[in-house]
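Colleague: Got a structure for you, written out below as structure tokens; questions coming shortly.
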Amino acid sequence: MTPRTLVFATNNDHKLSEIRDILGDSYRVLGLKDIGCTDEIVEDGATLHENAAIKARYVRDRFGYDCMADDTGLLVDALGGEPGVHTARYAGGDGHDSAANMTLLLRNLDHIDDMEKRSARFMTVIAITEGDDIRYFEGKVEGHIAFAPRGSHGFGYDPVFIPDGMQTTFAEMDADEKNSISHRGNAVRKLLAYLAPL
């Protein structure tokens, strides 16, 4: 059986690899580079839903592909839900500086010594275009922010996020273990359930 092709609006190789691992061999997942898109898509939405939709619609409108896109936020209770929609650019600049983002997060939580008060959740929203329509799939995972980075796997905030019921950070887990419980894994499984009958 020929795998179904999906375009995923990202230039983030780590995210693309994670999506490919979760979707498996039934889907051929193309990133933005694969379709010739080198544009920097401005994510200026006020919510994760808006940012995911902006990227998916941009690819559909500019390149003619139905497309899926995601946006992920880390919401830390002690910080009033920050970094939230600004997760990738939390430390400022043009974003995607994981080390700077984690350093700022840990500095902002430095005064909180009680792990229970370091509660947080990762939330992923996937938007997929179908012609003029758009559908959303959400996934989340509850957890806590570690006192210091641990582990060498994954990307982003993985070294400081400990999912509820676990003693290890996402960065201390192998890809299969992380994907089985992660926010992105949960959202992709909902997307797969929707796509399966199509």
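Glycine is no exception: its Cβ is also placed from the backbone N, Cα and C atoms.
According to TrEMBL, the protein has these features:
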type: ACT_SITE; residues: Asp71; note: active site, proton acceptor
type: BINDING; residues: Thr10, Asn11, Asn12, Asp13, His14, Lys15, Thr72, Phe155, Gly156, Tyr157, Asp158, Lys178, His183, Arg184; note: substrate binding site
type: BINDING; residues: Asp71; note: Mg(2+) binding site
Colleague: Which of the listed binding-site residues (Thr10, Asn12, Thr72) has the least company, meaning the fewest other Cβ atoms within 10 Å of its Cβ?
Modeller: Asn12
Colleague: Among all the protein chains here, how many other CB atoms are within 10 A of the CB of His14 (substrate binding site)?
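Modeller: Counting Cβ neighbours of His14 (substrate binding site) within 10 Å gives 13.
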Colleague: Roughly how wide, in whole Å, is the group Thr10, Asn11, Asn12, Asp13, His14, Lys15, Thr72, Phe155, Gly156, Tyr157, Asp158, Lys178, His183, Arg184 that binds substrate, by largest Cα to Cα distance?
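Modeller: Among the residues the record ties to substrate, max Cα distance equals 21 Å.
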Colleague: Let me check the 10 A CB neighbour count of His183 (substrate binding site). How many other CB atoms are there?
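Modeller: If we count other Cβ atoms within 10 Å of His183 (substrate binding site), we arrive at 25.
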Colleague: So if I measure Cβ to Cβ from Asp158 (substrate binding site) and keep only same-chain residues at least 6 apart in sequence, which ones fall under 8 Å?
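Modeller: Long-range Cβ contacts: Gly151, Thr169, Phe170, Ala171, Lys178.
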Colleague: Compute the C-alpha separation of Thr10 (substrate binding site) from the residue listed as 'active site, proton acceptor', stating it in Å without decimals.
Modeller: 10
Colleague: May I ask which residues of the same chain, at least 6 positions away in sequence, place their Cβ under 8 angstroms from the Cβ of Gly156 (substrate binding site)?
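Modeller: Non-local contacts for Gly156 (substrate binding site): His14, Thr72, Thr87, Ala88, Ser98, Asn101.
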Colleague: Can you name the residues of this chain that are 6 or more positions from the residue listed as 'active site, proton acceptor' yet have a C-beta less than 8 Å from its C-beta?
Modeller: Glu43, Gly45, Leu48, His49, Asn51, Ala52, Lys55, Val85, Thr124, Val125
